[in-house]
């Protein structure tokens, strides 16, 4: 169950980062304060909840194991950047993502 909490904390953290990115997109396009405040508010809510979940994880998992698992954030953000904003990702970047996933699998299998 704690591993699901860790994954959910990671996803919420990423959602917060994506909301921040979306706020900057609105700022560049039409400078509507209402939209910027909405996206930044969502970012704060996601990041705040992620922090609470992260504290629960740290109560149950050694920090030396838990913290590297947050590398999942790089994977989620890369996938979202490609899907949502059609950002280009180089082969080198994808190789890095593969190494991150491999590292997470190795660390996760030792627990």
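A Cβ is built for glycine as well, from the same backbone N, Cα and C atoms used for every other residue.
The topological domain 'Cytoplasmic' feature in Swiss-Prot is assigned to 1-35, 82-87; the stated evidence is sequence analysis. The transmembrane segment annotation in Swiss-Prot covers 36-56, 61-81, 88-108, and the record cites sequence analysis as its basis. Swiss-Prot lists 40-109 with the feature domain 'EamA', giving sequence analysis as the kind of evidence. Per Swiss-Prot, topological domain 'Periplasmic' is recorded for 57-60.
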TODO: Pop the mean pLDDT for the topological domain 'Periplasmic' (57-60) in here, whole number is fine.
DONE: 96
Task: Residues in the topological domain 'Cytoplasmic' (1-35) grouped by DSSP into helix, strand and remaining coil - done: 31 helix, 0 strand, 4 coil
Task: Distant-in-sequence neighbours of the topological domain 'Cytoplasmic' (1-35), which means Cβ under 8 A and at least six residues beyond its ends - done: 42-47, 49-50, 53-54, 56-57, 60-61, 66, 69-70, 72-73, 76-77, 80, 84-85, 108
